[in-house]
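The Zn(2+) binding site annotation in Swiss-Prot covers His153. As annotated by Swiss-Prot, Ca(2+) binding site applies to Asn266, Asp286. Feature annotation from Swiss-Prot assigns region 'Interaction with the inner capsid protein VP2' to 62-73.
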Amino acid sequence: MEVLYSLSKTLKDARDKIVEGTLYSNVSDLIQQFNQMIVTMNGNDFQTGGIGNLPIRNWTFDFGLLGTTLLNLDANYVETARTTIEYFIDFIDNVCMDEMARESQRNGVAPQSEALRKLAGIKFKRINFNNSSEYIENWNLQNRRQRTGFVFHKPNIFPYSASFTLNRSQPMHDNLMGTMWLNAGSEIQVAGFDYSCALNAPANIQQFEHIVQLRRALTTATITLLPDAERFSFPRVINSADGATTWFFNPIILRPNNVEVEFLLNGQIINTYQARFGTIIARNFDTIRLSFQLMRPPNMTPAVNALFPQAQPFQHHATVGLTLRIESAVCESVLADANETLLANVTAVRQEYAIPVGPVFPPGMNWTELITNYSPSREDNLQRVFTVASIRSMLIK
């Protein structure tokens, strides 16, 4: 994997900097590194593809070295270099696609394709290593079964979940109380509602709670907490739990009271915030517990009083909500991230070449299913294919 990254980094630099008119002295170190790559690769044969519709391709390396010049690089020099660069880039692209198409239930973090396994051989250790990539650093650690640490912005840590629970339900669904939520990606939105606006609740207060367990622990997370859940702020028709009927939800938004968010790790509270909104920090957690209250306003103008009558029918439904959004966090496991294209790159290659469903990844690389059942085997394979995708993205956009 380190060789693949070093090849890609060298090729990217060569493509960007070996251009007509450039002073040789400005790129002499790069050209020496480029020539070392050619010397190491010459005389070797590789084969890629042969899975799904990914065609089998054979690769032979027999290229001349780039020479020295006293002045600027001329058109002939650059054209010779370009021919070599384009062949190497095509090779790297196919090695990456071959690797992204494969999976293994055992030691899935190790190279799976024939070409990448060959590149891991001792003879290729002479290629100048560049391990500056976060994915390469963490792949090396994971390969040695040591602690990794990926920095994610908008981590796709929450499997998609959208549902509701009813704490009070009447047969005609005209006097309900409960919670509804939408968890997806890096965001939780939860709303507590009471058609009667806590009319008969103790002290006219309804208590709500929403608990979310993460599939992997996060550390040093920067989080935004808001006293609102905009996705539940407009009327809607909702299917009943048994599917036998539907019920109408017509929210009137109130501000939540006594808001508390707890971040827990292995059942122990690590951080707690009360009535604090905006940016908050969570040190280490695998569970989030949100609790909040709906309080019937003790004093109401006639207009507000008309919204929340003392008896049925309740045409407007008191609602309070919270939004919790993870802006950035560190995770020991690789995840999809809204700010990265790695999952999209891997999925696109597997779809384009009709890669058959294997023993590890779900059909279509369904992220919700993958993260819901995030096994060690999936973690290993995902770390490998995301590392390869990050390498490929240097050369192929």
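Just so it is clear, glycine is given a Cβ too, placed from its N, Cα and C backbone atoms.
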Packing count at the residue listed as 'Zn(2+) binding site' (other Cβ atoms within 10 Å of its Cβ): 14
Which residue, out of the binding-site residues Asn266, Asp286, shows the minimum number of other Cβ atoms inside 10 Å of its Cβ in this structure? Asn266
Cα-Cα, whole number of Å: Asp286 (Ca(2+) binding site) versus the residue listed as 'Zn(2+) binding site'? 17
Rounded to the nearest Å, what's the C-alpha distance separating Asn266 (Ca(2+) binding site) and the residue listed as 'Zn(2+) binding site'? Just drop the number here, would you? 24
Looking only at the region 'Interaction with the inner capsid protein VP2' (62-73), report the model's average pLDDT. 91
DSSP, reduced to three states, assigns His153 (Zn(2+) binding site) to strand
For the region 'Interaction with the inner capsid protein VP2' (62-73), what are the DSSP-based totals of helix, strand and coil residues? 0 helix, 1 strand, 11 coil
